[in-house]
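Novice: Feature table excerpt (TrEMBL):
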TRANSMEM  18-36  transmembrane segment
BINDING   G24, A26, V27, N31, S259, N291, L356, D359, S360  Na(+) binding site
TRANSMEM  48-69  transmembrane segment
TRANSMEM  90-118  transmembrane segment
DISULFID  C130-C139  disulfide bond
TRANSMEM  178-196  transmembrane segment
TRANSMEM  203-220  transmembrane segment
TRANSMEM  248-273  transmembrane segment
TRANSMEM  285-309  transmembrane segment
TRANSMEM  344-369  transmembrane segment
TRANSMEM  389-414  transmembrane segment
TRANSMEM  420-443  transmembrane segment
TRANSMEM  464-483  transmembrane segment
TRANSMEM  503-525  transmembrane segment
Amino acid sequence: MAEEEEAGRPTWSRQIEFTLAGIGCAVGLGNIWRFPYLCYRSGGGAFLVPYLLMLVVLGIPLLHMELTLGQYLRRGPVLALTKACPLLKGVGMATVAISFIMCTYYNIIITWALYYMFSSFRSELLWENCNNTWNTANCTDRVTNSSTSSTASQQFFNYKVLERTSGVEETGTLRWELFLLLLLSWILVYLCIFKGVKSTGKVVYFTALFPYVILLALLINNVQLPGAIDGIRFFIIPEWDKLLNVEVWINAAAQIFNSIGIGFGSLMAMASYNSYNNNILKDTLAISITNSVTSIFAGFVIFSAFGYMSHLQNVPVSEIAVDGPGLVFVVYPQAFATMPVAPLWAFLFFFMLLCLGLDSQFAMVEVMVTSLLDSYSKPILKYLKHKEFLVLVVCGSAFLLGIPNVMQVGIYVFQLMDHYTAIVSIMFLAFFEVVAVCWLYGVKRLCSNILEMTGKRPSIFFRVCWWVICPALITVILVFSVIQFKPARYEDYVYPPWAQGVGWLIALASIIWIPLAAVHTLWVLPGSFTERLKKSITPFSLDEDSENPYYKQKGAIMEVIPNIAVIGSIVPLSDKPPILD
């Protein structure tokens, strides 16, 4: 069916909607807090050299690979990987697991943004001074190197917003304000995606584009402030000697990787709703380049504000920049407090965070919904009747699982889950995904898919990247991630051993699907072990034989529907061109 879409599967109303949704998925909070931090820590402007190089040889090729697989097979990551490499079909299940785990705690960032946004409706911001009931005697309105004092914005975040406990051992009570805001954030997510790509496609016109309006307004305001140029100079002037440190190159590759979202399955799921003949390369370039340009643009916005703070408080910029939530919920709000019309800028900034967070959240929820419908649409729709109820069940489940994040112990739960999910799990998933698609599914087959859909074969650049460069880089990143692994911590708090153990269980909740699914594939395939192993690394081998016991198991991990493996063609698999062999 080269010209007509698969019956019953929705598609984007306009292709621009997929492009905007992809940009919204890739451009997230990491562009605002992680990239500027890495730049300042890794040689300023010098960091752009490895960063842009990794974009070209790692980010763009792998994104092209994921979009191709999703669009060609018209399936989410679970069935797409099942067809591409039955032995590693667990990679698809793992991407769904990691996306679902992430969406349970990622929404807490939207919750915090809503709290700050509503707190901005005042003539004087609550974190401007130390004259509040939650402030302690060691509160100061100036940045200081003293370990015995903290700023007004730090105390607002820790003692007012979070009311955090002393550690993960002390759970505290439920923060009802945050609980209600978490519920509101999930209601917003549900209302934006419950109709599937038809509703999401309309929402992304606003959520993907409006943050750029706010970023531009913030930049125009910030560069006029005294000291702003010093902050920008700190951001862009290279320290070339830092490039001799291999960690800088690893950080650049990891930032490209995590920022675009390779291995999370989100973009593959959204690409499965594309029209069959869509120009994949155009979307690949639009999403990846926009993502990197946004990171650099956000760096100017953030560091111009840091330069202003450095001027006001007479401290070096290097002592201001911090990583993670502290950057946007402590340091930047402190800059707003002294700006003209502070409440307006604070409201706009946190509204921008809301838009950025919602886009990423849409994508993570969509992975779960798409994969469930791909695999179990008949039983699900039999009981739930409509897709809208499935989306409600997914959102409701994620909301309930996210409640520990809005308790007083919440920040420690958030940091623990983020560390072991976004840092540990994703590297293993990425490695096995590249092995499954680039080597076992095969570059020749991937190129043939693109030729069939678009009429053009990928350039030699993409073929070389898929064959050699991407697998090599992913392997190096994985090895260094293991070697340089550091246990989770939050500021000066080090998690106890039992909490680190819980973190590893969180990481295993996604990784474990890879070996389990491999064992399942080898179990259900017929023949001797050698024959099973050969079939398990043969693409579409689970589709070729309807008598395969894989189809007869009611409790199989995934349902595979025969004779739909080769989308866009009514020719049986055995009659495909020799290039697929």
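Placed from the backbone N, Cα and C atoms, the Cβ positions cover glycine too.
Curation plays no part in TrEMBL annotations; they are all automatic predictions.
Give me the structural setting of these features: burial, nearby parts and distances.
Specialist: Counting only same-chain residues 6+ beyond the ends of the transmembrane segment (18-36), those with a CB under 8 A from a CB of the stretch are 12, 109, 197, 200-201, 204-205, 207-209, 211, 235, 255, 258-261, 266-267, 270-271, 273-274, 278, 283, 286-288, 290-291, 294-296, 298-299, 302-303, 321, 323-325, 327-328, 353, 356-357, 359-360, 362-363.
Other Cβ atoms within 10 Å of the Cβ of S360 (Na(+) binding site) number 26 in total over all chains.
Here the transmembrane segment (48-69) has long-range neighbours at 39, 80, 84, 238, 243, 248-249, 252-253, 255-257, 260, 262, 267-268, 271, 274, 280-281, 283-285, 287-289, 292, 296, 434, 437-438, 441, 446, 449-450, 453, 458, 461-462, 465-466, 469-470, 473-474, meaning same-chain residues at least 6 beyond its ends whose C-beta is under 8 angstroms from one of its own.
Taking the Cβ of C130 (disulfide bond) as reference, residues of its chain lying under 8 Å away and at least six apart in sequence are, in sequence order, C139, T140, D141, A152, Q155.
Outside the transmembrane segment (178-196), and at least 6 residues removed from its termini, the chain residues within Cβ reach (under 8 Å) are 10, 107-108, 110-112, 114-115, 161, 203, 207, 358, 361-362, 365-366, 369, 387-388, 391-392, 395-396, 398-399, 402-403, 405-406, 410.
If you look at the transmembrane segment (248-273), the same-chain residues 6 or more away from its ends with a CB under 8 A from one of its CBs are 9-12, 18, 21-22, 25-26, 28, 30-31, 34-35, 38, 42-43, 46-47, 50-51, 53-55, 58-59, 62-63, 66-71, 73-77, 80, 92, 95-96, 98-99, 102, 197, 242, 280, 283, 287-288, 291-292, 295, 363-364, 366-367, 370-371, 422, 426, 429-430, 433, 473, 476-477, 480-481, 484.
Here the transmembrane segment (285-309) has long-range neighbours at 19, 22-23, 25-27, 31-32, 35-36, 39-40, 48, 51-52, 55, 59-60, 63, 143, 212, 215, 218-219, 222-223, 225-235, 255-256, 259-260, 267, 315, 317, 320-321, 327, 331-332, 334-335, 338-339, meaning same-chain residues at least 6 beyond its ends whose C-beta is under 8 angstroms from one of its own.
Counting residues 6+ beyond its ends, the transmembrane segment (389-414) has Cβ neighbours under 8 Å at 100, 103-105, 107-108, 111, 162-165, 167-168, 170-175, 178-179, 181-183, 186, 189-190, 193-194, 196, 325, 365, 368-369, 372-373, 380, 490, 493, 495, 499 in the same chain.
For the transmembrane segment (420-443), same-chain residues at least 6 beyond its ends with a Cβ under 8 Å from one of its own Cβ atoms are 62, 65, 69, 81, 84-85, 87-88, 91, 94-95, 98, 101-102, 105, 257-258, 262-264, 463, 466-467, 470-471, 474-475, 477-478, 481, 485, 488, 503-504, 506-507, 510-511, 514, 537, 539.
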Novice: Excluding G24, A26, V27, N31, S259, N291, L356, D359, S360, please set out which residues of the same chain place their CB within 8 Å of the center of the CB atoms of the Na(+) site, keeping sequence order.
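Specialist: Here the non-site neighbours turn out to be I23, C25, G28, L29, G30, T294.
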Novice: Other than its close neighbours in sequence, what residues sit by the transmembrane segment (203-220), given a CB gap under 8 Å and a spacing of at least six beyond its ends?
Specialist: 17, 20-21, 23-24, 27, 192-193, 294, 297-298, 300-301, 304-305, 345, 348-349, 351-352, 355-356, 358-359, 362
Novice: Which residues does S259 (Na(+) binding site) neighbour through Cβ under 8 Å, counting only same-chain ones at least six apart?
Specialist: A26, G28, G30, N31, R34, F35, N291, S292, S295
Novice: Given a Cβ distance threshold of under 8 angstroms, which distant residues of the chain, six or more beyond its ends, lie next to the transmembrane segment (503-525)?
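Specialist: Beyond its ends, the transmembrane segment (503-525) has Cβ neighbours at 86-91, 93-95, 97-98, 101, 416-417, 419-421, 424-425, 428-429, 432, 488, 495, 531-533, 535-536, 541-542, 548-550, 553, 556-557.
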Novice: Have a look around L356 (Na(+) binding site) and count the other CB atoms within 10 A of its CB, chains all included.
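Specialist: Taking all protein chains shown, L356 (Na(+) binding site) has 28 Cβ neighbours within 10 Å.
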